[in-house]
Amino acid sequence: MERSTYKRIVLKLSGEALAGDQGFGIDPEMIQSIAEQVKELHELDVEIAIIVGGGNIWRGMAGSAKGMDRATADYMGMLATVMNSLALQDSLENIDVQTRVQTSIEMRQVAEPYIRRKAIRHLEKKRVVIFAGGTGNPYFSTDTTAALRAAEIEADVILMAKNNVDGVYDADPSVDENAKKYETLTYLDILKDGLAVMDSTASSLCMDNNIPLIVFSIAEKGNIKRVVKGEEIGTTIRGQS
Ligand code: UDP
């Protein structure tokens, strides 16, 4: 029988992963493909929490760069993550994967509020839990949300699925053909060298709480399952080397 290396994972999907090739909004085919990949994991008996970004709809920094109040723009970004989370829940439930969405900002008619112990209970019952609304605070990101929730629910690993790159490189591989992919890194390397993996708040939180992170590409179907089974694709980041 196929087995997962991990008992409990946090899967971080950037908003762009849901946009597919169109680059914005939600691509129904892409989200269906992600849902099917999550279902495959579910069959490996691993507990799955998902954090979805909102960059395919709205980014707070972009709004604030155009003169909008930063906190207001960030709240709009958090609402965007709720839209993505509901879309993903819908796709998962269409293929019979039981899912609960919990929001960090209360909107009880739409989803459950975030309650840590309840989330853990859902996971134990093998329901996929989607954490929506980021941390609920402006000036943070959904990468930081992934780090925070992973620490709270004691996840074994964060899987960071990217749709345009298959790991961490020493230069931008879409610009520099000599860019080298790292197999392993430490959080200190990321902070010291300013590598564009996740923001420094998220990296520090992962480092301080010793949560490993794997960055990999979701563009190739079946990759999430490969990572969960322990195949070394992408780049692994740890607290110490
Ligand atoms: N956001 C926020 N606080 C959080 C999480 C997200 O203010 O805890 C806002 C922020 O404006 C951000 C937007 O939500 O730009 C979308 O999230 P993010 O940029 O992390 O999404 P991704 O890049 O993963 O698509």
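Glycine residues also receive a Cβ, built from the backbone N, Cα and C atoms like all the rest.
Unlike curated records, TrEMBL annotations are generated automatically.
Look at ASP172 (ATP binding site): DSSP puts it in coil. The ATP binding site annotation in TrEMBL covers LYS12, LEU13, SER14, GLY15, GLY55, ARG59, ASN163, TYR169, ASP172.
Long-range Cβ proximity for TYR139 (UMP binding site), meaning a same-chain Cβ under 8 A and a gap of 6 or more residues, is found for ARG70, ALA71, ASP74. Per TrEMBL, UMP binding site is recorded for GLY54, ASP74, THR135, GLY136, ASN137, PRO138, TYR139, PHE140, SER141, THR142.
Among the features that TrEMBL reports, domain 'Aspartate/glutamate/uridylate kinase' is placed at 7-217.
Per TrEMBL, the feature region 'Involved in allosteric activation by GTP' maps to 20-25. Using a Cβ-Cβ cut-off under 8 Å and counting only residues 6 or more beyond its ends in the same chain, the region 'Involved in allosteric activation by GTP' (20-25) has close neighbours at 56-57, 163.
Per-class residue totals from DSSP over the region 'Involved in allosteric activation by GTP' (20-25), listed helix then strand then coil: 3 helix, 0 strand, 3 coil. Look at the Cβ of each of the binding-site residues GLY54, GLY55 and count the other Cβ atoms within 10 Å; the largest number goes with GLY54. Along the region 'Involved in allosteric activation by GTP' (20-25), the predicted structure has mean pLDDT 86. The UMP site, placed at the center of the C-beta atoms of GLY54, ASP74, THR135, GLY136, ASN137, PRO138, TYR139, PHE140, SER141, THR142, has further neighbours from the same chain whose C-beta lies within 8 angstroms: GLY60, GLY77, MET78, GLY134, THR144, THR145. Between the CA atoms of ASP172 (ATP binding site) and GLY54 (UMP binding site) there is a gap of 23 Å, rounded to the nearest whole number.
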